[in-house]
Amino acid sequence: MSDEDEAPVAKKSRVFYGSLEDKERERLSGDGALSTGSDAVKAGIEAGNINISSGRNDLMEERVSERQQEALAEFERRRRARQITVSTDDAEVKAGLRALGEPITLFGEGPADRRERLRSILSVVGPDALKKSRKDEERAKRSQEECQQTWYHEGSAYLKDSRLWLAKYSLPRAMRRLEAARSQRDVAEATRAMRQQELHKSLRNLNNFCSQIGDDRPISFCHFSPDSKMLATASCLACSIIRQRKRVGHNTNVGAVVFRPQAGVSLDQSDVSLASCAADGSVKLWNLDSDEPVADIEGHSERVSRVAWHPSGRFLGTTCYDNSWRLWDLEVQEEILHQEGHSKGVHDLHFHPDGSLAATGGLDAFGRVWDLRTGRCVVFLEGHLKEIYSVHFSPNGYHLATGSGDNTCKVWELRNRKCLYTVPAHQNLLSAVRFQPTDGHFLLTGAYDNTAKVWSHPGWMPLKTLAGHEGKVMGVDVSPDGKLIATSSYDRTFKLWLSE
């Protein structure tokens with residue numbers, strides 16, 4: 001076989017070992033444009049305008065550092081939590097959570113879980129936070145108690161003389177009242193029951209005896225004269241005395257007009273016989289002769305809602321919406337007492353039949369009974385849910401009725417300073433309450449549900465509903481002889497009710 005017949009040998013590919021970095025660098029260095037770009041990048045890196053290597057690494061390092069710090073803080077918190085002592089009493093644990101502003105319990109949480117939650121919270125805010133919150137709570141409670149304490153103005157020499165005069169006036173009257181009560185106790189039980197049945201029967205037969213339009217504006221108040229022969233009504237701009245004439249003296253809504261004790265009985269026509277008040281803070285005194293007021297009582301800066309005469313006729317009480325009530329001595333013709341004690345406006349005032357006490361009811365839903373001989377608040381009446389609009393003492397001397405915006409009338413027992421009975425009297429706020437002035441054997445209430453109601457005393461059973469007004473009943477009164485009942489209404493009428 002010849003050499004020509006042999007197949008040609010295949011050419012093997014060459015394999016190079018090592019890096020091509022040097023050849024690539026030589027190739028790039030030979031390119032002028034790339035060399036210029038590379039120099040520009042280097043210059044940018046040196047100037048700090050280009051960062052192509054350190055940014056991502058630094059961010060990762062910062063995140064790692066933050067996680068490490070959080071882990072260390074958590075370990076430190078757990079170490080502090082183990083050192084905090086927490087009470088095992090669940091009530092104290094709840095009190096601690098409440099003091100820190102945290103919910104006292106969570107859904108499905110038991111006492112042990114609640115204790116651990118308090119421990120965890122204290123490890124964050126510090127164990128002293130609970131002591132500080134408790135101190136703040138005690139300080140707030142102490143300041144609240146101080147605000148609720150009754151404080152008194154420094155009185156004048158006239159006030160001291162008046163208090164002594166009131167003590168000398170009231171003690172004999174109290175003795176006579178107690179003697180009358182003892183004499184009634186000696187009456188046979190059957191006789192007393194028969195008299196009560198007769199009274200209830202006459203009250204159930206009450207009918208509308210007279211209905212008259214009293215003014216061209218709503219009639220807000222009515223009051224009988226001591227001899228039961230005259231009726232005074234108050235409207236928006238005028239005071240009227242039925243069977244007499246209309247007197248215009250106020251420039252705004254008149255809150256009340258009341259007869260002075262012994263007016264028309266032992267007082268002359270020219271003597272001061274009535275007092276009225278209005279929403280502009282004015283208080284005026286009237287006689288039965290003149291159509292003009294004989295005197296103005298100045299000193300009130302806000303609305304005066306009620307005026308009331310002391311049984312002696314010497315003193316006049318006024319209630320004001322500046323959270324106070326005042327006592328005026330007409331003999332010395334000046335204010336002798338400016339009494340605060342309510343947190344809101346004082347709406348009504350009534351004096352005890354003996355002349356020793358005064359009861360006030362305010363828009364703060366509380367009532368107070370004041371001893372005029374010492375100036376102290378002797379009874380605090382707490383129980384109404386809304387404003388107290390009317391207060392009235394019973395002739396027996398130890399019962400007090402209050403009418404409120406919560407639609408109820410409460411009767412208070414002053415001897416043990418408790419609520420004796422709550423009468424669910426009406427379907428709207430009570431504007432007025434009155435006891436029978438002779439014996440106190442029935443209670444009269446008027447309300448904004450357009451009705452007045454008569455209730456037995458004691459027993460508090462409804463005896464009669466006096467319906468007939470087309471507007472809310474704003475005032476009620478019982479004549480001193482106990483025969484007539486007067487109601488005044490927003491429908492501009494007053495009605496007289498008499499038993500057949």
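Just so it is clear, glycine is given a Cβ too, placed from its N, Cα and C backbone atoms.
Predicted automatically and left uncurated, TrEMBL annotations should be read as such.
According to TrEMBL, the protein has these features:
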DOMAIN    88-140  domain 'Pre-mRNA processing factor 4 (PRP4)-like'
REPEAT    247-296  repeat 'WD'
REPEAT    297-338  repeat 'WD'
REPEAT    339-380  repeat 'WD'
REPEAT    381-422  repeat 'WD'
REPEAT    423-456  repeat 'WD'
REPEAT    466-500  repeat 'WD'
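Sorting the repeat 'WD' (297-338) by DSSP state (H, G, I as helix; E, B as strand; all else coil) yields 0 helix, 24 strand, 18 coil.
Long-range neighbours of the repeat 'WD' (423-456) within the same chain, counting only residues 6 or more positions beyond its ends whose Cβ lies under 8 Å from a Cβ of the stretch, are 196, 199-200, 203, 206, 386-387, 389-396, 399, 401-411, 462-467, 469-482, 485, 487, 489. Through the fold, the repeat 'WD' (297-338) approaches residues 153, 155-156, 158-159, 162, 165, 169, 173, 255-262, 272, 275-285, 344-351, 353-355, 358, 360, 362-363, 372, 375 of its own chain, all at least 6 residues removed from its boundaries and within a Cβ separation under 8 Å. Counting residues 6+ beyond its ends, the repeat 'WD' (381-422) has Cβ neighbours under 8 Å at 174, 177, 181, 344, 347-354, 357, 359-369, 428-440, 443, 445, 447, 455, 457, 460 in the same chain.
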